[in-house]
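Beneath this line is the structure, given in structure tokens, with notes to follow.
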Amino acid sequence: MPIGNLAWPPAALPGTWKSSRGVRVLIYVVLGLILYGLFVGNTLPQKYNFQVGAISDVDIKAPTDAVDTLATQQRKDDAAAKVPKQYTVDPSVEDSALQDLSHLFSSVQELAGQTSLSPVQRFQQLKAAVPPGLQVSDDVLNSLLSLSPQELNTVRNETNRMVEQFLGREFGPEDLASAPSEVDRQLVGLDLSRNARLVIHNLTLGSLRPNKLYDVKRTEELRQQARDSVPDVWIQKGEIVVRAGERITPEILSRLRDLNLLAEQPNYRLFLGFAVVIAGLVSALALYIERIQKKIVESNRLLVVLGLIVVIVALEVKGVSMISRQFDLTSLGYFVPVAVGSMLVTMLFDLSLAVFVSFLFSFFAAFGFDDSFAVQFVSLVGALAGAFAVARVKQRFVIVRAGFVVAIVDMIAIAAMRALFTGSEPGIYNFLRTLLLGLANGMFSAILTTGLLPFFESAFGLLTPMRLLELSNPNHPLLRKLLLEAPGTYHHSLIVGNLAEAAAEVVGADPLLCRVGAYYHDVGKTKRPAFFVENQMTRENPHDKIAPSLSHLIITSHVRDGLELQEQHRLPESIRDICAQHHGTTVLWYFYNKALEQDKSGTVSVDSYRYPGPKPRSKEAAVVMLCDAVEAAVRAMARPTPQRIEAVIRKIIRDRLQDGQLDESQLTLRDLDQVAEAFMRTLNGIYHPRIEYPEPPKAATKAESRGGAQG
């Protein structure tokens with residue numbers, strides 16, 4: 001069903017408004033602003049003005065997943081605190097201790113060779129030679145001086161060995177306490193005198209000093225690794241952050257801040273991000289329309305209708321989402337009847353556009369509800385099911401059947417989503433409730449579509465097959481008026497309708513529109529029916545008594561009178577266009593020739609006997625023009641034969657073509673040849689030769705009469 005023309009807003013609007021690109025862009029912008037205003041609140045969480053110590057008056061749930069920064073930081077700090085301080089061994093400590101020992105032993109050996117010195121002098125010189133870093137008692141110094149050279153060498157080697165053993169590894173202040181016992185343990189196995197053991201013991205302990213340096217960099221690296229290894233602590237979506245009556249603690253306030261729920265936190269990022277999303281969706285719609293939907297590009301009023309349907313669906317989603325949030329009914333998202341939009345778009349525009357906007361509507365559902373993917377999926381498949389269910393609808397009761405299709409598809413989709421996302425949760429009651437919501441969705445979609453469709457058909461003059469079928473009803477007031485006041489015109493219109501329907505099928509025009517347009521094309525003749533030959537039941541012709549110019553005015557005025565009647569009955573503009581264009585600017589040759597006969601001066605202009613037009617601007621109007629002329633000409637033939645009918649048909653088509661009446665109709669020469677063939681098939685069926693029935697013999701008539709009387 002092609003997109004129909006619009007009867008509203010009035011045709012008086014400037015032509016630039018109807019197809020202006022600037023106006024079209026403005027409509028897209030307004031649509032985007034409306035959608036942004038409706039859904040931006042759904043994407044932004046409610047804000048709370050809390051301070052530490054305040055009491056919450058509501059339960060607050062996490063609207064989304066978020067990292068609990070305070071808890072995460074606490075865990076990271078705990079992990080870092082468990083990492084011990086890191087130290088490195090300073091080799092210079094060992095070297096210094098060994099050098100001190102070497103200096104001491106060298107001094108002992110040197111003094112042992114100076115026999116001229118007294119023991120006291122040797123002691124004093126040795127004490128003076130002790131390095132500052134070496135802690136040696138006077139007793140140890142005296143013991144050193146008393147050792148034999150062999151013992152001194154053994155003491156020197158063992159002391160160096162033990163110092164190297166202790167200071168060759170990490171040796172801290174905490175190790176000093178255990179060093180004496182370790183030294184004693186190692187001395188047990190040595191074959192030394194008590195005096196030598198004492199010297200080794202004291203020199204070793206006197207040489208020991210911590211060689212561990214605190215490695216700040218290494219310690220911090222390990223602690224940072226420990227922090228990084230700790231996973232984030234997450235606040236789960238739907239988790240209760242604070243309960244009504246609970247006091248706000250620093251921890252709770254931090255969690256609210258993490259969830260962006262505090263009034264002190266602006267949402268510029270979310271505002272901008274959602275604006276980009278809406279702009280992307282509207283841009284995609286605009287691009288699709290500009291590339292594919294040429295009919296909408298040619299009529300901004302059609303774009304307004306589409307925009308209105310989109311806004312209606314958006315309002316549905318917004319309304320249901322507000323109820324869902326107010327009463328915490330999370331599953332109410334399955335009730336949103338987005339299929340209303342897809343079914344309306346299918347019936348008022350076409351299926352391909354309905355499929356496209358179904359995806360757009362599913363985004364609306366995702367914006368409106370927390371369980372976004374499940375609701376979006378159910379909305380999408382429901383909208384697509386509704387679109388395909390009404391793709392070829394011609395009667396309104398089929399919309400109810402489409403509602404059942406939507407309900408069944410929704411329930412299957414809901415069951416699938418529940419199986420995917422609720423896991424092993426039993427909840428048979430909740431499951432059945434969501435299925436009932438899907439059923440109600442389909443039924444409500446059918447009800448809303450049934451109610452809104454007549455509004456769009458009437459207020460905007462949009463044509464649907466259902467509307468055309470209703471207009472073809474013989475009980476329509478205008479057709480009843482035509483039948484009662486101009487019966488000849490009525491029957492002429494019926495035949496023209498049959499002709500037009502057959503011709504439209506072969507040239508790609510709308511057959512139903514052609515037939516219905518033909519029914520109404522001559523309703524203006526009801527104002528003066530006697531002036532049209534098909535309604536003259538007697539031989540008297542009123543045109544014989546008036547001037548040809550007046551006859552011309554009366555005949556041509558039936559177009560204007562018909563338009564007035566059609567406007568009074570709010571017929572769609574496509575029907576009115578056929579009425580206005582079905583004569584084009586053709587000439588009333590009969591009255592023109594009559595005027596020439598009466599006016600011998602030759603001042604009669606052929607243009608003064610033309611219809612005012614316009615010429616047919618659509619295939620449908622052109623087909624009705626040709627049907628009207630052909631039917632009248634063939635009906636006026638005394639003895640129609642197939643050959644004569646074909647000759648008349650082709651002459652009329654040729655005359656209209658040469659007169660330029662079909663220049664704006666989009667009909668090709670091939671189309672015209674196919675139209676002629678269709679006319680011949682139909683008219684030959686109507687005006688086929690008939691056998692003349694003979695009169696029965698009089699005797700047989702009397703016998704039949706007696707038999708009938710007796711029966």
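Residue 1 is the first one shown; counting continues down the chain.
Cβ from N, Cα, C; glycine included.
According to TrEMBL, the transmembrane segment annotation covers 25-44, 270-289, 301-320, 332-361, 373-391, 398-421, 441-463. For 489-633, the entry in TrEMBL reads domain 'HD'. Here TrEMBL flags 692-705 as compositional bias 'Basic and acidic residues'. Look at TrEMBL and you will find 692-711 tagged as region 'Disordered'.
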DSSP assigns the residues of the domain 'HD' (489-633) as 102 helix, 2 strand, 41 coil
Which stretch, 25-44, 270-289, 301-320, 398-421, tops the Cβ pairs under 8 Å count with the transmembrane segment (373-391)? 398-421
Contact set of the transmembrane segment (25-44) with the rest of its chain, CB cutoff 8 A exclusive, min separation 6+ beyond the ends, reads 267, 270-271, 274-275, 278-279, 281-283, 285-286, 300, 303-304, 307, 310-311, 314-315, 317-318, 321, 364, 367-368
Over the domain 'HD' (489-633), what does the predicted model average in pLDDT? 92
Within the same chain, where does the transmembrane segment (398-421) have neighbours whose Cβ lies under 8 angstroms from its own Cβ atoms, ignoring anything closer than 6 residues to its ends? I mean 6 or more beyond. 334, 339, 343, 371, 374, 377-378, 381-382, 385-386, 389-390, 431, 434-435, 437-447, 449-450, 453
